[in-house]
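J.: Pasting a structure below so you can have a look.
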């Protein structure tokens, strides 16, 4: 069976409108790609006619494919102009669907990066001009791909990812958080004050309104504090507040030492006097006794007990001085709530009980220490720890710790084999981003080129707020040197918590590599 005759080749100059005959010939030509492989590759030329014929046929198919010209509908093309002095492509007509994930606006004009324009030109979406002359794909490759714009390797990776459906944007160094922002755990994507509609978010309460509320609260409390400073005489002690609300500390009363301000209710009579705290005697100078340190006695301060075995379930109303002006306190009986508490003991297996029993042997209750109980503040507790540390250092044997060469560990530090290995290990665990902040000033070598977003995010992708990338891409050629450790640390620090991927291009074949952290296992049982 004879093969069908192929239509005559029609050479059409770029940008010219086709006639009916030329359009029919261009549309009726074969749309199949040439065969990529013609059998196994020969190791050496043998000079045979069959081998020469296979080579000739492969070359003809390749040149025929390269010489084939694209025919597109003129009305569906977006006119664009290449501006080499500015390094971008400016659109002359409204953009199409590609504008959702590609391009940027500047000075009220729609513009494309060179790699985006070249990709759209290959896809048949734009009509590119330069100096009012249409450009072919070959001419666009020569003009748009330079060392000052985008290299050929970078465009190969860009077009490869775009054909796979990913959203590819240029990497913005300004999106890298500073060391101070990373220390505060600030995320760049959270710093934007725009919501889904592009409008600025309104906070629930502005600082001005907060200041007004605080000022109104101070004004409402000020008359009460003045009135409480000079209480009127009364016959019933239960109706007279025994505390002064303008001070947070307990104040001295006429009949006894002090009473806790934060008690749940006013206690009538002197039966509650002297309950709460005691004062140490201060120094007396010129007949005036100085204020001593307060010592709270928490055994005598009644806190609400909500346990089911509690016999006192009636909670008194709080003092009116502790409540806002428009809030009234009342007594509450918590008996019904105490009966609803779940008092079932946790059921543990035998292995869990043994594990808890073994762990309890090495646990010490800090609150059971008498010296700790005598501490009334964090400052005294820290001073106690410091004194104990000095005492332990003085007990060390001088023939071991008084020499230039000392032991690696003290007996108190050897709590487990894992702790001993951690202290005596020479190689410490490290990560690639560690120490990368001081390497940011060093330039040269590999750089992050593209931010890659997943293909399923195209429908919801927004260029003004793209969010966190799926990966960041570094591009290198097969004949280029392998990146050193400084470059890897610098790039990993720039990438942050976004995975860093290296694209290696070998004559059109693209491979992707990445570095992952791993932890070596430690045998702490021997």
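Note that Cβ sites are derived from N, Cα and C of the backbone, with glycine treated the same way.
Source: prediction; values computed, not measured.
Take a look at what Swiss-Prot says about it:
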type	residues	note
MOD_RES	1	N-acetylmethionine
REGION	27-47	region 'Disordered'
MOD_RES	178	phosphoserine
MOD_RES	180	phosphotyrosine
REGION	192-290	region 'Disordered'
COMPBIAS	220-229	compositional bias 'Low complexity'
MOD_RES	267	phosphoserine
MOD_RES	316	omega-N-methylarginine
J.: Which one of these modified residues has the most other Cβ atoms within 10 Å of its own Cβ: 178, 180, 316?
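T.: Counting every other Cβ within 10 Å of each candidate, the maximum falls on 316.
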J.: What is the interatomic distance between the Cα atoms of the residue listed as 'phosphotyrosine' and residue 316 (omega-N-methylarginine), given in whole Å?
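T.: Cα to Cα, the residue listed as 'phosphotyrosine' and residue 316 (omega-N-methylarginine) are separated by 50 Å.
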J.: Residue 316 (omega-N-methylarginine) to residue 178 (phosphoserine): how many Å between their Cα atoms?
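T.: Their Cα atoms are separated by 54 Å.
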